[in-house]
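Asker: Dropping a structure here in structure tokens format, bear with me for questions.
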Amino acid sequence: MKPLFISATGTGVGKSYTTQKLLQSLHQSGRKPLALKPIETGANPTPEDALLHLQLMQKLQLDQGLSLEEICLERYKLPASPWVSAKKEGRCVDVDHLLRRLLEFQKRSDPLLIEGAGGLLVPLLKEYFMIDLAEALEAHMVLVISGKLGGINEALLSLEALQHRQMSYTLVLNLWEEEKRSFEEISAPYWKERPERLFRLDSELEELTQTLLSAI
């Protein structure tokens, strides 16, 4: 079973929230998923997103005794890209270690949810990006998009990167409350004409979950 890699068109779009909703939905469908945030920046000192995933897994009795250090394999203080944050600390992201550990977790997950940091082209190394990590894992991408003005452009740039690498993906719309009314007017008409299905996280979670299970 392939892992699900949760990315987004940018920071603050809703990757962590989407990961948590998918974790709950998969659990309700009888699966035993794990959710990791292998790299987190802005962790000064606690990786807050990873902690939320661990707490939810503990609540659902899915954590398998994992520690926060296993949920978040690399953490950095500066809220920036992993490459910049690691460089500031005189460190370097250990991609080989990340891949090795994630493949190990994949074997004990049903399925494994991996939350990325930022968007697809966030650098882990100078010439190695978040999308490269997902591709190396042969993951199915869950791309969370925004309903704000400008969201279409951001989404299409991310889709172009995925399609260039011939990676499989599913689109998920995470609407903040203040975006719901404007989305129907400024963005929904375009997405209705696209060939891809755009799943709304607030109303189509169960169908999204079954679609993702079929994809992996």
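These residue numbers are counts, starting from 1, taken along the chain as shown.
Glycine residues also receive a Cβ, built from the backbone N, Cα and C atoms like all the rest.
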Asker: Given that Swiss-Prot assigns His53, Glu115 to the Mg(2+) site, pick the one from Ser16, Ser85, Ser146 that the record assigns to that site as well.
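Answerer: Candidate listed by Swiss-Prot for the same site: Ser16.
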Asker: Which ones in the same chain are close to Ala117 (ATP binding site), with CB under 8 Å and 6+ residues apart in sequence?
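Answerer: Result: Lys37, Ile39, Glu40, Thr41, Ser81, Pro82, Met130.
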Asker: Which of the listed binding-site residues (Gly12, Gly14) has the least company, meaning the fewest other Cβ atoms within 10 Å of its Cβ?
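Answerer: Candidates: the binding-site residues Gly12, Gly14. Fewest Cβ atoms within 10 Å: Gly12.
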Asker: How far is it from Glu115 (ATP binding site) to His53 (Mg(2+) binding site), counting Cα to Cα, in Å?
Answerer: 10
Asker: Name, in the order they occur in the sequence, the residues of the same chain whose CB lies under 8 A from the CB of His53 (Mg(2+) binding site) and which sit 6 or more residues away.
Answerer: Ser16, Thr19, Gln20, Leu23, Ala35, Leu36, Lys37, Ile71, Glu115
